[in-house]
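Sequence annotations record features per position, and here TrEMBL assigns ATP binding site to GLY378, VAL379, THR380, GLY381, ALA382, GLY383, LYS384, SER385. The feature compositional bias 'Basic and acidic residues' is assigned by TrEMBL to 11-23. Residues or ranges marked as domain 'FtsK' by TrEMBL: 360-543. If you look up TrEMBL, you'll see 1-24 marked as region 'Disordered'. Summarising the annotation, TrEMBL assigns transmembrane segment to 38-57.
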Amino acid sequence: MRRPSATPTSDPREPPDPPHDDALVLPAAWAAPPRPPIPIVAATVPVIGAVALWLVTGSILSLWLAALGPLVALATAGDAARTARRDRRRHRIEGDAQRVALAERVTRRHEIERRHRRLQHPDVASYLDRDGEVWRSRTERGELLVLGSGDVESGVRMSGGEGDPASLALRARAARLTDAPLVVPARAGVVVSGAPVLARGVQRALALQLCLALPPGELRIVGALDADLDWAEHLPHRRATSGVRLMLLAPGERADGTADIVLARRSAGEPAPLGCAVTVDVEAPTRARVDHAGAVGALAIEALSAAQARAVGEALSERARVSLRDVLAGAAPVALAELVADAPQPAPGTLPAAIGRDAQGAVTIDLVRDGPHAVVTGVTGAGKSELLITWVLALASAHTTAQVSFLLADFKGGTAFDALADVPHVTGVITDLDGDGARRAFESLRAEVRWREGALAESGARDIADARVQLPRLVVVIDEFAAVLAEHPELNALFSDLAARGRALGIHLILGTQRASGVIRDSLLANCPLRMSLRVTDAADSRLLLGAPDAAELPGDRAAAGLALIRRAADAEPQRVRIALSHSDDAAAIVARGEPRPRRPWLPDLPNELRARDLPAGDPGTLVLGLADEPDRQHQGPASVSVADGSLLVVGGPRAGKSTALHLVADRAQDSAPEPPVVVPADAEAAWDLFATWRWAPPPRGTVIVLDDLDGLVGRFPGDHARAFVEAVEDVVRAARERGILIVASMQRVAGAAARTAELFHRRLLLSLPSRADHVAAGGDPAHHAARAPAGRGRLDDVRVQIALPRTAPGSVGLVAAEAWFPEAPFTGLVARRTPAVRAALECWERAGAIIVGVEDADPVLAPGERLVAIGEPDEWQRKWPLLTRARVEHDLVIDASCAAEVRLLTGFREPPPFCRAGAPRGWLMRSGADPVRIVLPATDSRADRVVGDA
């Protein structure tokens, strides 16, 4: 058996495709023609003629002519039979010839199909004969296991020939492919039984077949090895630490459940180990029977001796070491300054950069010709950040700021690109410490795309390579791309769009990440043909990026930092390179050239604090509240709300600036609104009165209504009053646009009784909220939540804004005297419990000349000029229902606020009466059957103070 060479020979040829010709069609079986009918007319005409002739001539001889009729009939039948025999003989001869030709075509197709299957599913002998197939990346390699050669279902399709035994036999032959590889899923597990010597040889062949198909890192041999399995110790897969787990078992051993693939041997009568669904019973050195899923068949097997297995294992170990030797050969560290000094002058429209050296000399990559985009992978400590810095400095050294500029993003701490901060080509450095500003900077690239499209259109050019276009190429370099997407997943679409359109516009991406698998989408990776990898831990990552597991085999010691593999779209295999080392002097030399800085692709961020005096004055009816930031348009302008908008809801958590925003609205309304603003007091009674009035008598057109802490205000009302107040607010909000007014309200959370009201507001300003759930409940995008945003920072209709500070400080809460109510009618009914506040009110009324009596002693018929007040508790008045009715309909009826629960019963009104603050000396007056109105009961000083609002 031939030993595989240490250095693989490349074989780029793919196995031929299996036959896909049309189905072969067999001739139809012979079908006898229908028997012709007896010629009755032809047979009877001679008879009739003979009789007629005899009657005319009288000659008896004329009757012999009658015999012609039967003779004609017999002759016709005989001729038809002869013709049928001739056709059948000709059909048989032609059918035999067609079957012979079809049999030859079946044989040729079977040969092609057999060869294709053997190339697609090689056994150990095929791998050793074609060295280029060893560890070659192909679909299903390592997933399917070749047990041997046998009869399998063929892909040749044949139809026709029904009813013909010879044709049916040919169809059966075409449907079966003989001496073809018989494959089973490797993960199904195989157990081999039979003579020990033969069973060990078959087990070796099956195990080596997997080791030849998958390199170390994609396959590893796990578990303890029996003495007769010591040949496996020579395989590099035995030392691998990652990949599919292969377990080899001797008779009597059991799998531990952690193996992905089990290849076992068993003695006679021993049950199959766990994880083995395929049984191979070796009957002779080249013959065995296989049982898989109940299907039993014979096959020719392959077996290896222990010496052959050791030889193959040693060859594979040498093969695994050879790539590492190639990397280390001639890979001494080199200074970037040496490469830059020897680099040739770049051609126009290109971005070459000498970034390292291999055994042949300097290695140059061109982001334009080899790109337009690149992916760089490598584990922590492999030198990924140093590679990116070297690449940027190499490009900046070879090109002016008029030719290339950089936007750098560091998402692994914010200090990786400190050495590049002063390079004039660098327009800015984005870090993960910037928070929302990082996403804003990336979104500005959308505006950069539109700006460059406009510049190309003005020049009449199709892409940046046109000599008429004078734009620097923009290279976006991102370290830890996975962290960017983890923090801002919505940017995935942006990077995919940049990758698709960047070539023509001169925008290039260099994406650094620890691993590409599961991080970079296929659509994005497909547009990144320039790929570089330092050491990775997973061979699958290396194969995804480079098409080979080499990056997983790079050493991980400190001396190997900077060893990388590069693969361009046109490369047959990765190129090994030692990345050059940069120094602070390299950046200083670029700075010393004194080149002007290029145009920055985004505007400065919004200020954390903004003064109203710094804002422009709005048009009449328009209130400028702050500065709006639209990074996707590279535009910052006034953020405003107008009276025509109808309503604005401000939602924000504690210290988010919502009360300041509402004070600013009132402040700006003084100058820009047609009418003075109306600030709704924080006092629930005053707020109730205002909205109750506005339902039927709205304020003048152009009025701005400011309502702070709407949800808190609603929470101060009891159940029925809360519902009624919310309905009043909703009526005002609904009719705001039609009535030409603007209502601006604030809430801490969109929840509770006021949540429904929030949906009616036409515009919304979301300030900082404590949790993402609160932000989403308020109607915000989860990606825009910023719990630590500065006061006044938020989103106005999804546009990022900074609200300004008003010119004056917010007003303080004031106390406004409320006039106490005194009886004026001849008769007043008072429904009240004798609380201290009621007794104080009665004393004041009595001093004012009223006569106080109990309801039991009341008589509404009085002398002229007398004023009688009849007091009684609710149940006492219910016993005096006629008097209660007369007091309510004809006189004055006063119900103390402490009897709120009995108002509906005593008055018959279904709607709740005007709200009264709990514990305050309040009551409701119903005069001559009118709706109840709130009154203030006098205290001992005949005055009662109440809070009317906050500025």
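Every residue gets a Cβ built from N, Cα and C, even glycine.
TrEMBL does not curate its annotations; it predicts them automatically.
The structure displayed is predicted, hence computed values, not measured ones.
Where TrEMBL records a feature, it is marked here on the structure.
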residue	record	Cβ within 10 Å
GLY378	ATP binding site	26
VAL379	ATP binding site	18
THR380	ATP binding site	9
GLY381	ATP binding site	12
ALA382	ATP binding site	25
GLY383	ATP binding site	20
LYS384	ATP binding site	28
SER385	ATP binding site	21
Cβ-centroid neighbourhood (8 Å) of the ATP site, GLY378, VAL379, THR380, GLY381, ALA382, GLY383, LYS384, SER385 excluded: GLN514, LEU534, ARG535, ALA561
Taken over the domain 'FtsK' (360-543), the model's mean pLDDT: 88
Collapsed DSSP category at GLY383 (ATP binding site): coil
GLY378 (ATP binding site) - helix vs strand vs coil (DSSP): coil
